[in-house]
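These come from TrEMBL:
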TRANSMEM  7-26  transmembrane segment
DOMAIN    76-144  domain 'Copper amine oxidase N2-terminal'
DOMAIN    162-257  domain 'Copper amine oxidase N3-terminal'
DOMAIN    305-707  domain 'Copper amine oxidase catalytic'
ACT_SITE  Asp376  active site, proton acceptor
ACT_SITE  Tyr461  active site, schiff-base intermediate with substrate
MOD_RES   Tyr461  2',4',5'-topaquinone
Amino acid sequence: MNPKLPYVLLVGAAVIIFILSCMLLSRGRQSPSCESQPSVVEKTGSPSQSLVFADLTPEEMSQVVRYLQGHLGVPLVDASRAKPSDNCIASVDLQVPAKAEVLRFLDGGGARPAREALAVLYFGNQPDPNITEYVVGPLPLPAYHRDVTVQRYGGKVPYHRRPMLGSEYEQLGVFLEMVAFAAAPTFLQEVLEYDGTNLAFQTTVPHGFQSGDRVTWFVLFQNVSGFFVHPVGLEVLVDHSSLDISQWAVSRVFYNGQYYRDMVQLESAYVQGRISVEKVRKAPWDGDFSSMKPRAPPAALFPVQFEPQGPRYSVRNNHVLFQAWSFAFGMSASTGLRLFDIRHKGERVAYEISVQEALSVYGSNCPAGMSTRYMDGSFGLGRYTSPLVRGVDCPYLATYVDTHSLSDSLRPRRRKASLCIFEQNLGSPLRRHYSNLQSLYYGGLVNSALVIRSVATVGNYDYVWDFIFYQNGAIEGKVQATGYPSSSFLHGDGLRYGNRLWEHTLGTIHTRFVNYKVDLDVGGVKNSLVAHDMAFEMTRAPWNPEQQIERPRLTKKVLDTEDQAAFRLQSKMPRYVYFAANSKNKWGHQRGYRIQITSFAGDHIPEASSMERAISWARYQLAVTRRKEEEPTSTSIYNQNDPWTPTVAFADFINNETITNEDLVAWITAGFLHIPHSEDIPNTVTVGNSVGFLLRPYNYYDLDPSIYSHDGVFFTNEQDFTACEINPLACLPKTASCLPNFPPFTYDGFRNM
């Protein structure tokens, strides 16, 4: 044996151990952090110009409040403490300038429109109480105010139409506890085990049956997590129409299927043993079945999306750029998320896309449930926009934006991270083709889109509002509904009005309708409305005349008037309805944008109803009207509390005017019927509860604009598809092997409650 051999083997083993150690260490070493690359964004629109649509800043809101306090000549009480008999500032929001002024500024080099605020004031401390709206400007240093109430509504707005302030809800809560409940102590203690803290209430609207009424049913629930599905069987009708709180009174009481004159009569009937009592099992503080606490332990983490080279979009102030898209965004206190000056490849396709209203109509055999018609814009879809939870409400690495509002207070309120913007890989191709005939190739484009989102929590319901921008020039408006179902106490023939969700809980049937305003400007401000569809025609085969062929053909019609362009909710509508420009594409077709609606709406309330005109926008799945500055919204925040004499009746917008070659607006309604079922416990999921619309290019371009996307993939059988320069997907191990920088989790939703 060679005496040097053991040394050679030892040296060889040491080398092998060293190499293996290096490999193991390199595997355990953390990947580098992702670094942002310069974004490839087409520079369209101007961030500074978009400020014409920007929400008021907290400083501007405060300036408006100070100006009004010093220039109206009447005492103004802080709305958070105001009584109905006081004067107060109910809200301050942006007064969006007139479209003609804005377009002169954006497109014609005109002067920037004056920046103004719209202030809503309640004047309860005067001989003729009323609601008055003032335009205040110019901001940031106000020097004038003008009363626009008559101009906007044709007259004064009666005081009884005012949306309820938070202070009025608090005063009603005190009334229930100190006056109503005090009249039935034995019943409340023995039947409901009332201890002053264990009951919660929910109000209903509208307040009565005729103009001037302010009489409200209050439904009592166990005060636990998810109280909306814990009714106790007691409902109380309170007349709070008087501006003098001491004059408020109980008008009627309902318990377990029986009506009583007031709480005194309920107490007397109980003490005398003349009431059928249905005791509800006391729920723990977490709500038991209504608790949203997960019933399973943590396991493997769900998939997380990240941008290996940083965001491919930019957000500056209220202006967003994403590939060929640009737009400005804002948040109305009443209607919520809205977009302006939406452009694709530098050309404006829409001036405004905004939410208008969210309506629900309930059924029940309990008084509160059967009379409920919520118009959530009155409560405030923007005002109740909630802070978003990073990683659930939006992707963890989305861009989060704070919003501000001034309602029910003299001070602005910041809602931190209440709007998010992100690019989302939808996990499917936007388009693709695999060819195995004649030539062999694959071509495709990932469907990656930009999303701007807000979530409004109005009482028991949560609305997830999305506007989505696709690479082919399409825009989607979508709302997903979640939250808790509203419920009634199950008794008698309750199952005619819903499904049983728990021992005493009836999930009540209801409709959901949402309305959008879409001001398309396709190839310019002036457009026409055109309908394309199909019809079968019979023809003889030219090569064999004895045989017939049924072939589909294209039908075309220009819709000349507003009446022709108003499509009833359940009626048949042409499958292609589009705004047509006065210009043509390369192939001689009018350039257009098509409106495509996704809806599963229930039936609209009968038009014979005394309150139907207040929600008459819901008659139509689509209505196209001439755009008018005096018709800025399809409804009014004042319609909720006086639907019998609506401040704005959308039906009046449709008066058979010519809509050919005019500035047009599409009013789109989508909705669904919700019959709550056991899977709505603990609360409703978004799956299947999503409706909205698409705006799609229709001969607007000469070919699909997404062919110019940087995300395209194409290779043939003759190419090396593992090479980065041929196929960018082959580079993923290199370009996407970094670790994203996840910021610490924070949440501000429980602050300043």
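First residue shown is number 1, and so on along the chain.
Cβ coordinates come from backbone N, Cα and C, glycine included.
With DSSP classes pooled into helix, strand and coil, the tally for the domain 'Copper amine oxidase N3-terminal' (162-257) is 31 helix, 29 strand, 36 coil. Residues of the domain 'Copper amine oxidase N2-terminal' (76-144) grouped by DSSP class, helix first, strand second and coil last, total 9 helix, 27 strand, 33 coil. Rounded to a whole number, the C-alpha distance linking the residue listed as 'active site, proton acceptor' with the residue listed as 'active site, schiff-base intermediate with substrate' is 10 angstrom. Neighbour count (other Cβ atoms within 10 Å of the Cβ, all protein chains): 24 for Tyr461 (active site, schiff-base intermediate with substrate). Take the CB of the residue listed as 'active site, proton acceptor' and look out to 10 A: across all protein chains shown you find 24 other CB atoms.
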